[in-house]
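Step one of this worksheet: look at the structure below.
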Amino acid sequence: MALRSEQDFLTLIDRYFPPSGSPAGRQADLVRPEHVLLGRGDDCAVLRCPGQICMSADLFLEDVHFRRSYFLPEDVGYKALAVNVSDISAMGSRPLGFCLQLFGPSDVPQDWWEGLFAGMAGLADSLHLPLVGGDLSRGPNIGLALTVWGEAVEDGRFLSRQTARPGDHLFLVGEVGLARVGLMALENAGRQACRDLPRATSAHLRPVLHVEQAMHLGKLDFVRGLMDVSDGLAMDLPRFLPSGLGADLDPQAVDIDPEVVDYATRLSEDPLLFALAGGEDYALLGVAAPEASGELTRAVPDARVIGRVVERPGLFLAGRPAQIAGFDHFTG
Ligand SMILES: Nc1ncnc2c1ncn2[C@@H]1O[C@H](COP(=O)(O)OP(=O)(O)OP(=O)(O)O)[C@@H](O)[C@H]1O
Ligand SMILES: Cc1ncc(C[n+]2csc(CCOP(=O)(O)O)c2C)c(N)n1
Ligand SMILES: [Mg+2]
C-alpha cells in the first residue's frame, strides 16, 4: 500500500528518527546533545554550532545514482546518507547532523519507504547523527537530496584540497575500482551479481565509510589535505592537486581487489587503469609531508602511500604519463 499523505510520511519518518523528548529519544541522546536546540516540526531547526562547521550537499537520484531493480530500499537509504557523510570525512571532520529532502511518485509502497528509512536510520544511529529537518514532494521518480554538516576534530582544522607540495606523499584509505565493477555487474545481471561478486556489489550498494580514520587524520599536522574519491581517482586527482602539480603513482602500491583484476581481465582491460577510472569509491585520498609517512601509517594503519606529488601536471604511473577518463554527469 502507498502512503496517502504528507502526514503519513512524516509519521513514518518520526518512527525511524524519533524526535527529541520521545521515549525512544535517539535524537536527544547524541554525542553532542546541546547541538540541536529545536529539531524537526517547526519552520526551521535551531542548532548550536561550534565556531566553524563544514557543510556539504549531495543528490542521490533514481536511474542516475541507483536503480530500484537492484538496490534494496535499505541500500538506497544507507548509500544516500553514506555519500554525504563521506564528504564530511573528506575534510577530516566529525559529522554532526543532516537534513533530508526527498521526492517520489505517489504509488511507491509504504514498505519500500520503510526500508529506505530503516537503512538510513541504521547508519545515522551508528554515527549518532540527528535528522533535524527536510522537505517532501511528489516527483516523477525517487530522489533524495541531503545536507550534512560536521565539526573539526581540532579547532578550526579542516583538511582541504589544493594543499599539496612537490615531493609530498599521496595516500589512500579504502579501495578503488571495486564499486565500478559492482555497478557494471549489477547493471548487467541485477542482484544475481551479488552472488558472483560479493565484494564489488557490496562496494557499490553499501560503500564502506572511513569516519574514524578521517577524524584521526584531521588531528595529524603532517597531513596537509584530504578529499573523497567519488568520480574515479584519475578524475579526482587533478581536482585535489594545485594547478601545475601532478601525481606519480607506484603501480605496485595501489591495492587492486582480485574481483577487479578478474573482471577487468575478462574485459581485456588493464586492472590498474580500470580501477583508477572507477567512480563511487568513496576512498579518502590524502597528502602528507614525505618525512612523516612512517608516522602516518602507524597512526592510521589503513592509510597506504600510493605515490608522490610531482612538479609536472598530469597523472604518471611509475614516471610514464597516463590518460584515464573518470565519471562526469554530462559527458555520458
Ligand atoms: N548547484 C551548485 N551550486 C553551488 N555550488 C555547487 C553546486 N554544485 C556543486 N557545487 C560546488 O562545487 C564543488 C564541487 O562539487 P561536487 O559535487 O563535484 O563535489 P565533490 O565532492 O567533488 O563530488 P561529490 O558530489 O561526489 O561529493 C563543491 O564545492 C560544491 O559545493
Ligand atoms: C544507474 C547508474 N548509472 C551510472 C552510475 C554511475 N555514477 C553515477 S554518479 C557517479 C559519480 C558520483 O556521483 P556524484 O558526482 O553525483 O556525487 C557515478 C560513477 C550509477 N551509480 N548508477
Ligand atoms: Mg567529495
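The first residue you see is number 1, and the count goes up from there.
Glycine is treated like the rest: Cβ placed from N, Cα and C.
Computed from a predicted structure; not experimentally measured.
The annotation in TrEMBL ties Asp43, Asp87 to Mg(2+) 3, and of the candidates under consideration, Asp221, Asp228, Asp231, the one tied to the same site is Asp228. Of the residues proposed, His65, His128, the one TrEMBL records at the same substrate site as Glu280, Phe327 is His65. Of all the binding-site residues listed here (Asp58, Asp135, Phe327), Asp135 has the Cα closest to the Cα of Asp43 (Mg(2+) 4 binding site). Contact annotation for binding-site residues (His65, Arg161, Ser230, Glu280) versus ligand 2: His65, Ser230, Glu280, each with CB under 6 Å from a ligand atom. Here the Cα atom of Arg161 (ATP binding site) is found 10 Å from that of Asp228 (Mg(2+) 3 binding site). In this structure, the binding-site residues that sit close to ligand 1, with a C-beta under 6 angstroms from any of its atoms, are Asp58, Asp87, Ser230, chosen from Asp43, Asp58, Asp87, Ser230. For Asp87 (Mg(2+) 4 binding site), the nearest of the binding-site residues by C-alpha distance turns out to be Asp58; the candidates were Asp58, Gly134, Asp231.
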